Amino acid sequence: MSSTPVKVAVTGAAGQIGYSLLFRIASGALLGPDTPVELRLLEITPALKALEGVVMELDDCAFPTLAKVEIGDDATKVFDGVNHALLVGARPRGPGMERGDLLEANGGIFAPQGKALNEVAADDIRVTVTGNPANTNALIAMSNAPDIPTERFSALTRLDHNRAISQLAAKLDVPVTEIRKMTIWGNHSATQYPDLFHAEVGGKNAAETVNDQDWLENTFIPTVAKRGAAIIEARGASSAASAASATIDHARTWVEGTADGDWVSMAVRSDGSYGVEEGLISSFPVTVSGGQWSIVQGLDIDDFSRGKIDASVAELAEERDAVKGLGLI
Ligand code: NAD
Ligand code: LMR
C-alpha cells in the first residue's frame, strides 16, 4: 500500500447518500485496495452529532484502506489539502418538486464551498457535484473558484447513464456489460436526453437493434429522465445508494480512465461542442485518460436529438440566468 493517503472530502456526510458513500470510499471502492484514504467530512453544525455516530461506525469497520477521518462544519478547514471533493450536501426534492425548484435553497451552499476550495484545496483537486440541481451548483462552485482550472469541476449524470444502460439491457434481455457508448446529454433533470443513437449493444447500434421508435421516445427516455421522481414516489425519499454508487463510478472513472472503445457521461464545462453554449455545465459523452476528460467529437446529431439537446441546454441557460440574478455567479 502506498504511504500518503489521498484526501477525499464529502459534504452532507451525515445524509442519506453519505451513509452509503462513505463506507464504499473507505473500503477502497473509489481508489482501490492499495491506496489509503483520508476522509474529510463537512456538515452543518446541527448534523455534526449524527456525523460523529457515522464515524463510530466507520471505525468499527476497521477498513484497511481508511487512514484517517476528520469532520467539521468549517469548509476552509475540512477542504484543506483535499484531492477530491464530492459535494453532496444539499436539500433533496420532495414529491411533486422539480430539481430546479431547489436552486434558491441549495445554490447558496455552493458559492462559499467554491471559495473555500479555491483557497485551500490541493493543486490536483477534482470536484464532483451530486447535490441538486447538480449542473448549476457545479457552475456556481466553479465560478467562485477562479484559481482552479475549470476542467476540474463536474456534475453527476452517471446515475442517469447507469439507469439508461439498465433500462436498455432489460429491454433487449442482455447483460449490462454488452452496452457501450451510452450518452446522457444536457441537464440532470427531466429534460435530460438519454441517447440511443450512438450507443452500442454487443457492438451494434442500439437504436437500430431496438428498432422501436415508440418505445425509445415514449418509454425509454421518460423512464430514465423521470426515474428520480419514481423513486421518491415509491420510497418516500430520493435515491441514495444508487446515487452514492454513481458518484463513486464518476470519480473513479476520472482517476482510472474510460475503457477502450467506450465512453461515459459527465456534466462538464461546455467548450461549445455540439452547439452547447460555452460555459454551461452540461452532460456530454466523454473519454478520460491520465485524469483528464475530453468530450467525444464528431458524432452526427440528427434533428430528433438536436431538439432534445437544445431543450435541455435551454433549461441550463435559464438556471444560469436565475443564479446570476441571485448573485451566486
Ligand atoms: P439528505 O437530506 O439525506 O442529506 C443532505 C445532507 O446535507 C444533510 O445531512 C444536511 O445536513 C447536509 N447539508 C446541508 N447543507 C450543507 C452544507 N452547507 N454543508 C454541508 N452539508 C450540508 O439528502 P441526500 O438524499 O443525501 O441528497 C443530497 C443531495 O443529492 C440532494 O440535493 C439530492 O437531490 C441530490 N441527489 C443527486 C443525485 C444526482 O444524480 N445528481 C442523485 C440523488 C440525490
Ligand atoms: C435522482 O435522480 O434520483 C436524484 O437527482 C434525486 C431526485 O431529486 O430525483
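First residue shown is number 1, and so on along the chain.
A Cβ is built for glycine as well, from the same backbone N, Cα and C atoms used for every other residue.
Cross-referencing Asn132, Asn135, Asn205 with the substrate binding residues that TrEMBL gives (Arg93, Arg99, Arg163) picks out Asn132. Ligand 2 lies under 6 Å from the Cβ of Asn132, out of the binding-site residues Ala14, Gln113, Gly131, Asn132. In this entry, Arg93, Arg99, Asn132, Arg163 make up the residues listed for substrate, with the farthest two CA atoms of the set 19 Å from each other. In terms of C-alpha distance, the listed recorded positions Arg93, Arg99, Arg163, His188 place Arg93 closest to Ala14 (NAD(+) binding site).
Across the fold, the C-alpha of Gln113 (NAD(+) binding site) and the C-alpha of Arg93 (substrate binding site) stand 21 Å from each other. Here the domain 'Lactate/malate dehydrogenase C-terminal' (157-322) returns a mean pLDDT of 98 for the predicted model.
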